[in-house]
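Novice: Take a look at the following structure, please.
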Amino acid sequence: MNPTKKPRLSPMQPSVFEILNDPELYSQHCHSLRETLLDHFNHQATLIDTYEHELEKSKNANKAFQQALSEIGTVVISVAMGDLSKKVEIHTVENDPEILKVKITINTMMDQLQTFANEVTKVATEVANGELGGQAKNDGSVGIWRSLTDNVNIMALNLTNQVREIADVTRAVAKGDLSRKINVHAQGEILQLQRTINTMVDQLRTFAFEVSKVARDVGVLGILGGQALIENVEGIWEELTDNVNAMALNLTTQVRNIANVTTAVAKGDLSKKVTADCKGEILDLKLTINQMVDRLQNFALAVTTLSREVGTLGILGGQANVQDVEGAWKQVTENVNLMATNLTNQVRSIATVTTAVAHGDLSQKIDVHAQGEILQLKNTINKMVDSLQLFASEVSKVAQDVGINGKLGIQAQVSDVDGLWKEITSNVNTMASNLTSQVRAFAQITAAATDGDFTRFITVEASGEMDALKTKINQMVFNLRESLQRNTAAREAAELANSAKSEFLANMSHEIRTPLNGIIGMTQLSLDTELTQYQREMLSIVHNLANSLLTIIDDILDISKIEANRMTVEQIDFSLRGTVFGALKTLAVKAIEKNLDLTYQCDSSFPDNLIGDSFRLRQVILNLAGNAIKFTKEGKVSVSVKKSDKMVLDSKLLLEVCVSDTGIGIEKDKLGLIFDTFCQADGSTTRKFGGTGLGLSISKQLIHLMGGEIWVTSEYGSGSNFYFTVCVSPSNIRYTRQTEQLLPFSSHYVLFVSTEHTQEELDVLRDGIIELGLIPIIVRNIEDATLTEPVKYDIIMIDSIEIAKKLRLLSEVKYIPLVLVHHSIPQLNMRVCIDLGISSYANTPCSITDLASAIIPALESRSISQNSDESVRYKILLAEDNLVNQKLAVRILEKQGHSVEVVENGLEAYEAIKRNKYDVVLMDVQMPVMGGFEATEKIRQWEKKSNPIDSLTFRTPIIALTAHAMLGDREKSLAKGMDDYVSKPLKPKLLMQTINKCIHNINQLKELSRNSRGSDFAKKMTRNTPGSTTRQGSDEGSVEDMIGDTPRQGSVEGGGTSSRPVQRRSATEGSITTISEQIDR
């Protein structure tokens, strides 16, 4: 809206005054009038605001102009006062562009003025400071400023050129160059200065020539008496010329006098002095020369005295004492004294080192500073000391190595030596070489003698005492050879006697055991009959005494074999837990009789299947545990097995067994005696507890043979702990369903009652049982199992003792063997195991081999009981030459209802086999006419010849019977084709178990043979039989060649068997093993 335009009412309407004066119009137009007035008032108010804004804007513009004018005035005043540092401030927002332009122009002017002033000031300052050549820079200035700058630069340039020219000439004059003059253009006073300087240079050149001529003649050429001739000189130059000439004259007189004195001094005449009249410094020179002459006299006297003392009289340590000398003379004096001091130190150091060398001390060297020939002498002496030290070191080393340490063949390595030292070194090396040859020759002969070769003698050359020693050694060898021959004859006689002793013991054993076996057998049979109490007691005493005597005989035979070094150990596969468990089961009855707890614990982490001698391990455990039971009245006997902490080879394991008891203990002073032969802790113990004292001695020797050691800790009255270690190897044996021990039980049932194992663990165990050819039935509680027909279990596996107790309350499974399997089996109480019928145990998780090792003993004990039915009658052939043993065996067998035919030697047994068919043969090893081994070989050959395709059909089990306990009889009997082994005295239960097992196993194999014959079994049997050639061959090999290992019999009734499959043939193998492999193939 335009503020000058006034609001008006519509032309058709009345005016405001009309409306206000007319009430009627007022009432009609009141509202519109009010609106019109409001619009008018608002318009006026807007006009007022606009005017006020314009007024304020004008005031601000005036104020800004005044401020800018003030700032410009301040800058102008500063310029007038010579201050060019200030500028007009330019604000961020400038209201007037013209003012802004003025400010920029003024500031630019200030910059140019400041630059001009700085440049001109710089040039003026440089010229004032003597720095010529400077110029003022002109950066775009014009007008008067540019002209002023150019004039200043011209002035500076001219002044620079003139001053530099003058400076060059004066500098040349100062340096003695009088050939240059000033030739630069100059005007005014500068020109006058130029001419004056050039004139001065000419005069100086003439003066210098004349003065130089005089100086050269007098001072250089030594031509005295010359004068300087200079013309046209005045003032100072003339005076200077006169003074020079006077100086030359005086100098001539004085110098000639001084020359006379110095010439006399040079000729060694120190009596003359300078006498010319002198002044000033020449006088000082005169006095100095005269003083020099005096000092030279003193110096010559002192040096002469020192030289005579050091050089002639050999008195070291002297010094030249010259007073009041300075400069070169003082230096000469000091040098002379230094020479005397150095010479003294050097000679004394050389004397010290040579004295030390003379006294044998080669560690010192000349370390004093020296030069020239003295240095060469020093180096020569030090080199001599080094050579002597090397010589002494090498010679001492040879002497010490050869003479003290006994190191032969050493030579002194000394280089760079000549003369006597080289000769001595050569002599020492010759001595060492000769001594080496002689001693090594002596050593070779003594070494040969040590190795048993007494045919060689010392032939090396020697002299003196070495020759006497050589003779003595040769004589000693000769004497030793004779002694050895005598000792050899004596040893052979001793070995013959020892062999006779061993054979005597064997024969004695046989002769004693034969009637003793009869006594034991007959008393056992009598004890099984109706007897009175008195008769039973008497026969029991006889039976016990006979068994004790038999044990003593076995111990004596064992210690005899050990002493004769004929005792060896086997390396066969065996089950550790089964071996120890079986041994402790045989001792459990004795422990129960004495009301003792017999416990057993084996480290679950230790492997079960090992390679070693299980029979000897069992023997040691029986011995130690039996002793513990014997010497313990109350408490318990514990056997623990773990891995030893001692280090062995990587391929070996060290087994540690501890047998502890709460018995009588052993006194500390007796601990070292108990392992000696025929010794116990004291004699009273022998009388109270019985025994021969051989058990621990035999155990110690057996443990040593098995690579271990035995020790004991004991507290008297509280008990003992016997520890021993045995070195074994882990076994790689693999059980399958075709393994010999498992073949007879193929597809038999196994019940597993588990409350501790998870389902996953049970699945693994089920697969293992199936892999062994058995049928598992796994239940979580006894109620889920079918305990009646048609399922018939051979063994029952359990994982807790509580389950075993419940099973023994059930009549259906009361006599079935139990196998305990658990993650971590605590100590086993053998009383509980016997009462519950636990046959074996295993730790889980376990391998197939560990599982088979636990199952097989239970299966075999179950099969024996199943095959011991009295309704079964066997036809048995007994080959025995002793009448008592015949009657004993016949009574035992007939009592079981079996039919027995008796023959007296092996030949009769062979003929009987050819005539009749027998279920089993009991073959005595030693018989007249033909022994048991020879008879067995002939029987096996006849069986093979009778049916070369399938000799197994005609195979008759043969069980060896012997009272001979010497080493190798068992192995030999098995290797000859016998199926099992029974040691006398005959125990009815063990004998019947062995008979039943052999007959059962051979019947099972014959059945498998018949079932497999349709698959070309006979051809494969013939082809795979070792030694066979063709089906029609006369020597096609025997079934014995396919025989493996038969379990070794326990020597105590009730011990059971510990059968193991053997995967390699050796001298100890000889039973049914590979037949199963032939059937499988």
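Placement of Cβ uses the backbone N, Cα and C atoms for every residue, glycine included.
Quick paste from Swiss-Prot:
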DOMAIN    63-118  domain 'HAMP 1'
DOMAIN    341-393  domain 'HAMP 4'
MOD_RES   Asp924  4-aspartylphosphate
REGION    1010-1081  region 'Disordered'
Novice: CB neighbours of the residue listed as '4-aspartylphosphate' within 10 A?
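Specialist: Its Cβ has 28 other Cβ atoms within 10 Å.
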Novice: For the domain 'HAMP 4' (341-393), what is the mean per-residue pLDDT, to the nearest integer?
Specialist: 77
Novice: Of the residues in the domain 'HAMP 1' (63-118), how many are helix, strand and coil by DSSP?
Specialist: 40 helix, 0 strand, 16 coil
Novice: Could you give me three numbers for the domain 'HAMP 4' (341-393), the DSSP helix, strand and coil residue counts?
Specialist: 40 helix, 0 strand, 13 coil
